[in-house]
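Trainee: Structure in structure tokens, see below.
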């Protein structure tokens, strides 16, 4: 290869160690930029995010179409219990799977491929990598999922309006539920990032995140009812999902206290990830 | 300049690196040798802060790696070629690394050209051959135009053209006044590339010396003599510290006496010599000679002998 012999330093500076152009330093903003490049240059990012938007919008619209068309044949009791917001936003249940998986992969994907060693060699203080990944992923998930929830809501309520069973964003609690969907999914994503950084393993990370979010509440049902009622409001997903409830459900926390608790669990996981990332050999 | 002081790394009960001290100076290629499991990679990982030492310290240009504000511009490291996400293109991998330190896009193009990856730079790394992966690793190390390079087995997987390329590249980089530390298990490759050697075995320093001296010390200084009158020559060579062995009737392998002296003795007696050849051990032999001890010492009462070697 003819280019091989050209070994002169051709960078933006003179000889290293001598006075040259101002030398760039590692800053949080630069690490954020680097993480943005990493995130947008993996195909898995696109497919997973497209999957989560499709789940949220697709199922949201689908459930509204079904509800609208079946409305006349529903029993009075069914009609009484019909919750137009819950039905409309139920796609979040599938979307959280994609968001959680991609969150775990933010770190576990780097550990699986060895990329983490390049990342931590470039940023030996390490914590800026965790903060950048968490902040960036949270911003991306929040923007996409809030938009998707709004689209799902507007289209879905449009469909329900034909039966006069729709609601408006200005109705009490509705805006909180719609925007809460984006917020809940954002925190699910952050929990994934934290767990991925702690376990450094994709399969283990995914199993842990969904074990906590989906399996714990089901396990708790096996307890005597009084125990379950006492415990389940405090479980992370139950607490977080209370933000999306328009009407208060028995044995759940109030929307904002519940969501704050969910955030606290996630922050604790992030703090654990920070300590371990700093302390462990990469 | 890389300086290690009393560097020690333990993983549980296993000691990977023990009380290791050495200095890697700028302006020369320094080879880092040791049998598998000697602690080379662990030491290199500690140099760039991926592993933290159990005790002791290692600095690059006077500071621990993590204390440098622009580490990529200070030290270029390739510890494993596959420290790259397989789903990303080579170009984007380098672009993301460059972004951490504000290295311009132009420099990414430059290193891609420098290592000869231009045609495949936009392809995903998952499909790269071992040699292409090595070239990408080297591109990453050169990205910040660093004064110090730390490369673990850089010729591994390269074709002969690639080996020649990396050899020339590293020598040129050292000639520019940079500090270059590379590990290799190919001793013959070290003889061609390195000027200085740091040899470790079982995590301890065995030798810190020039390549030349290493070979000189390790080889036994034997001389091969071939003569039809070997029988007549043999008693003439006898003396304190001289040993003569013979596998063939006409061939003597002599140690403890120089070839000059053998030639003169033979001439004085009118013995015709067909061959008079000083035998130099190859770097490979010298290395095996020296590290054989480090391997053999894996017995419970090794501590004492071990220290002699380290001294």
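Just so you know, the numbers here start at 1 and follow the chain as drawn.
Just so it is clear, glycine is given a Cβ too, placed from its N, Cα and C backbone atoms.
Automated prediction, rather than curation, is the source of TrEMBL annotations.
When I checked TrEMBL for this same protein, it listed these features:
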- A:1-25: region 'Disordered' (REGION)
- A:46-71: transmembrane segment (TRANSMEM)
- A:91-113: transmembrane segment (TRANSMEM)
- A:134-155: transmembrane segment (TRANSMEM)
- A:175-199: transmembrane segment (TRANSMEM)
- A:206-227: transmembrane segment (TRANSMEM)
- A:256-277: transmembrane segment (TRANSMEM)
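Can you tell me where each of these features sits in this structure?
Mentor: Cβ atoms under 8 Å from those of the transmembrane segment (A:46-71) belong to residues 79, 82, 84, 87-92, 94-95, 97-99, 101-102, 105, 140, 144-145, 148-149, 151-153, 155-157, 159-160, 162-163, 165, 181, 185 of the same chain, restricted to positions at least 6 beyond its ends.
Tertiary proximity for the transmembrane segment (A:91-113) is limited to same-chain residues at least six positions away from its ends with a CB under 8 Å from its CB atoms, namely 39, 42, 44-45, 48-49, 51-53, 55-60, 63, 119, 133, 137, 141, 145, 148-149, 152, 181, 184-185, 188-193, 195-197, 199-202, 205-206, 209-210, 213, 244, 273.
Non-local neighbours of the transmembrane segment (A:206-227) in the same chain are 96-97, 100-101, 103-104, 188, 191-192, 195, 199, 235-238; each lies 6+ residues outside the stretch with a CB under 8 Å from one of its CB atoms.
Away from its own ends, the transmembrane segment (A:256-277) comes close to residues 107, 126-127, 129-130, 134, 180, 183-184, 187, 190-191, 193-195, 197-198, 233-234, 236-243 of its chain (Cβ-Cβ under 8 Å, at least six residues beyond either end).
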